[in-house]
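Positions annotated as substrate binding site by Swiss-Prot, on the basis of sequence analysis: 118, 168, 172, 290, 322, 374. Summarising the annotation, Swiss-Prot assigns active site, proton acceptor to 170, 289 and lists sequence analysis as the type of evidence. Residues or ranges marked as N6-carboxylysine in Swiss-Prot (evidence: sequence analysis): 196. Among the features that Swiss-Prot reports, Mg(2+) binding site is placed at 196, 198, 199, with the record citing sequence analysis. As annotated by Swiss-Prot, site 'Transition state stabilizer' applies to 329, with the evidence given as sequence analysis.
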């Protein structure tokens with residue numbers, strides 16, 4: 001019901017009367033979002049889409065007189081298209097255009113607070129998922145992005161023409177700092193480029209952060225001296241406060257470590273952007289772990305797709321980001337995974353619905369983020385990983401290194417031999433997807449470490465249907 005007063009009509013009216021604008025043509029400066037929405041029974045999809053646009057921009061549940069004090073046409077979000085999701089009942093893709101002025105420059109926190117901060121609890125919707133975002137170039141240029149990017153990292157490491165190799169130290173909790181450093185040294189001297197703190201290693205009673213940093217740096221320097229290669233370990237500086245996080249980052253810089261790590265979702269985008277700026281200013285590479293992501297992105301009809309989180313991380317800043325494996329133990333469907341991997345590291349990506357890319361995205365020469373494939377992978381996966389992810393990636397073997405019967409260093413050697421064999425075969429023109437098994441078996445003849453690893457893991461598979469498919 002509406003009540004008319006002079007120059008103002010109070011009351012409640014349908015959202016679609018104001019926020020559903022199918023005639024609107026999005027501007028180059030608009031931020032575009034695609035939502036998958038499931039309206040409540042009886043709610044028209046156009047009304048639901050308009051409600052999403054309203055509640056994530058300027059609207060509220062009733063008309064307010066202060067609308068007269070601004071230009072709503074300039075600032076409101078607009079639902080400009082609603083289309084059914086193919087093959088699904090009562091699900092719709094809702095496309096919303098947001099004016100650039102709604103967002104603070106250089107703030108992922110503000111963007112997400114606006115777009116997903118409140119509307120996901122809206123009663124008119126049974127479920128809502130943010131599938132994709134198109135960041136306009138005008139907004140992209142207000143962000144620093146990754147501290148350094150893929151090319152600068154390769155130049156610093158002096159490593160080209162192949163993926164990088166890593167390993168997460170296990171057990172993830174319980175080791176003393178000295179034993180932890182020993183495990184790092186064995187992996188690095190065996191042939192890995194990096195080792196890594198797990199996401200929940202911070203500063204616990206069994207291993208305080210400063211002790212870990214010192215023993216790990218000693219291991220890095222010893223392995224570098226023995227191998228003649230640049231090595232690194234992702235020291236996790238995630239902490240309870242930004243001040244403590246930066247203190248740990250400062251100490252890492254002082255002892256000479258090349259790379260640190262942050263849990264960007266549990267730590268938050270404000271903390272992550274702060275750390276990324278510090279890393280740019282102080283010459284540290286920044287590895288990003290996505291701990292907690294599946295809470296947000298795993299359900300197909302509600303939450304936020306990981307491609308959105310990956311795009312936001314590229315803006316916020318990170319040189320590496322975990323991206324799934326396609327072939328390992330963690331969720332990842334090939335075409336969809338490669339869609340957001342390209343969004344992480346390429347400069348320009350065209351719309352391609354078959355890969356889940358709803359908008360063309362131009363990153364305006366912002367440095368790329370290196371995808372990190374980790375979770376349940378071992379030497380038999382190496383040909384597929386090289387073929388799927390290409391050179392600009394980091395292949396992270398945890399159990400696939402430390403589980404070797406002969407120990408950490410032979411496990412690392414097995415992975416390095418498998419990788420080098422696959423790269424040589426690829427460069428010779430062989431088809432790794434078809435001949436990969438033969439390539440690995442041939443390499444076993446001159447690497448006993450690889451032969452033992454292949455025998456141990458020959459039956460290990462993780463074959464479950466992916467939850468998130470299009």
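Cβ from N, Cα, C; glycine included.
Comparing CA positions across the recorded positions 170, 198, 199, the one lying closest to residue 118 (substrate binding site) turns out to be 199. When Cβ atoms from all protein chains are considered, those within 10 Å of residue 170 (active site, proton acceptor) total 16, not counting its own. Annotation: 199, 322 are the recorded positions among 170, 172, 199, 322 whose CA atoms are within 10 angstroms of the CA of residue 289 (active site, proton acceptor). Put simply, of the binding-site residues 168, 172, 290, 322, 374, the one whose Cα is nearest the Cα of the residue listed as 'N6-carboxylysine' is 168. Residues 118, 168, 172, 290, 322, 374 are listed as the substrate binders, and the farthest two of them sit 36 Å apart at their Cα atoms.
Within its own chain, residue 199 (Mg(2+) binding site) has 236, 238, 263, 266, 289, 291 as residues 6 or more apart in sequence whose C-beta sits under 8 angstroms from its own.
Comparing the binding-site residues 118, 374 by how many other C-beta atoms lie within 10 angstroms of each C-beta, the top residue is 374. Taking all protein chains in view, 18 other C-beta atoms sit within 10 angstroms of the C-beta of residue 198 (Mg(2+) binding site).
Contacts of residue 172 (substrate binding site) defined by a Cβ separation under 8 A and a same-chain sequence distance of 6+ are given as 198, 200, 201, in order along the sequence. Around the Cβ of residue 322 (substrate binding site), a 10 Å sphere holds 23 further Cβ atoms from the protein chains shown. When the Cα atoms are compared, residue 170 (active site, proton acceptor) and residue 374 (substrate binding site) turn out to be 14 Å apart.
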